[in-house]
């Protein structure tokens, strides 16, 4: 593919299971006019983001004549076009998602219930699944109840008890079916599909999800199969002539959800340390990747007879591992288990008294999430000891907590556009008369609130719609607010999909697959109408308004009267550089004094703006943005 773009952009993609086949063609269309700097996504969007980042690295290698270890036609965006064509071929996605041993019936039931089938078919599938999942237990219960009825009342009693016995046997079968599914899920790491199938190679004429993804990432990036693509490979990739300065050539970010900690986490982990068990990872990843990670980790930590290997993080983290952690659709695709220290002990040969003295609690040393978290397992002490016990930390689909992370690469002012692709289903929400692929073309478009109708013909359907709307609100409220805000909405293209397109529809027809892929191409081409000048100006107006209002609030917070006497010493800490803070001390006297001067400047500027103006918010874009100090993840 001939490419001579001079512009750069970022790209963020939403989760959407099989709807993700929109993304490769969108990236290919964008690549005609732009070169990628930062790429991010969640769930299915993470798969597309990883593939796009790998293709971007491969393209750089081809353009810069660097060595590649793959056939040239499989590397870069030429290879991404081939991968996109494969995804759009009938049956390909279905082959990628293959159930683990013993999970076939439950897998088919989940796909049927979550897919676009009629209520009658779903009901029949649900009722019939009990007999298919637990046939022996159901029949044994029926036989036992029939035998009991015969023993008590003979043939007449057995006939009379036939219907009650069948109902009781069926209900018992429900219990056994649920227990069997629960055991299968736990055995397969909380999912019906692990993504690999090393125990059943004869049944897999094609590669399943994770094996295919590994081969695809290696091919697109031009790396050999035995050397997994890492985030460091992206960061240190070849640079184009005249490329704008940045710390990293290509940045890839994804979102996963830490179920055990109940929070979203960005990938790759750049400071947090986790461990993994080889047996668990061999069930999720290709052996060549696990072997590489074990070698990279070095000597394991052995606790209670189990070996724990340090998970490569930062530049060393394989892109495949991060992608797999983001795409673990709950119950369908296995979650990823990692481990963190639950308790630590002094290293052998250390002096207990000196160790205790050296590791006294010090909040000032907790500069990362890791330090603060591990303080909980060490009694607030610094990390000077080996893990004595581990606890499991489950990571699942990033879409659980952040399904459309359009904020991933935002800065105070943009250096280049960060585009985003949103997947919507207009038949279930009020989107007006928008075209199938919609990008706001002026500031009057894209601001309307999302509306999800609840009313249904039957009470059961309406109750279900109400419950699902609650779940969707918990999952998407922040993303929806951002997507309609000025500075965001003009850079988001919305792709409308019908109920037959994407989702858990694993058996889409050739025509449907072609239609979805075509929408992807249209989405990428839509950004040709994007005005960076208008976007940059809006972002500056947002920043000026928010900074002024925040600075005025700082002045107002300092000036309130009368002040609470008991809190006067606390107020003085920020103003008086000679006072002694209770924690998080500055590293030097100069830093402390500069911070105090900064506060005085902010107060002075806030008082001036509050009294004299001018008001930078009066004609600013609406709804108004706000500055808040919030934790990163």
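Any Cβ shown, glycine's included, is placed from N, Cα and C.
The active site, nucleophile annotation in Swiss-Prot covers 43 and is backed by sequence analysis. Classification of residue 43 (active site, nucleophile) by DSSP places it in coil, neither helical nor stranded.
Non-local neighbourhood of residue 397 (active site, proton acceptor): 15, 42, 43, 256, 257, 326, 327, 328, 329, 330, 333, each in the same chain, at least six residues away, with C-beta under 8 Å from its C-beta. In the three-state DSSP classification, residue 397 (active site, proton acceptor) falls within coil. Per Swiss-Prot, active site, proton acceptor is recorded for 397.
For 352-365, the entry in Swiss-Prot reads compositional bias 'Acidic residues'.
The domain 'PNPLA' annotation in Swiss-Prot covers 11-410 and is backed by sequence analysis. Taken together, the residues of the domain 'PNPLA' (11-410) have an average pLDDT of 85.
Feature annotation from Swiss-Prot assigns region 'Disordered' to 342-380 (among others).
If you look up Swiss-Prot, you'll see 605-624 (among others) marked as region 'Disordered'. Helix first, then strand, then coil: DSSP counts for the region 'Disordered' (605-624) stand at 8 helix, 0 strand, 12 coil.
Look at Swiss-Prot and you will find 38-58 (among others) tagged as transmembrane segment, backed by sequence analysis.
What Swiss-Prot lists as transmembrane segment is 133-153 (among others), and the listing cites sequence analysis.
Swiss-Prot lists 159-179 (among others) with the feature transmembrane segment, giving sequence analysis as the kind of evidence. Through the fold, the transmembrane segment (159-179) approaches residues 129-131, 133-134, 137-139, 141-142, 145-146, 149, 153 of its own chain, all at least 6 residues removed from its boundaries and within a Cβ separation under 8 Å.
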Completion exercise
Cβ neighbour count (10 Å, all chains) around residue 43 (active site, nucleophile) is 31
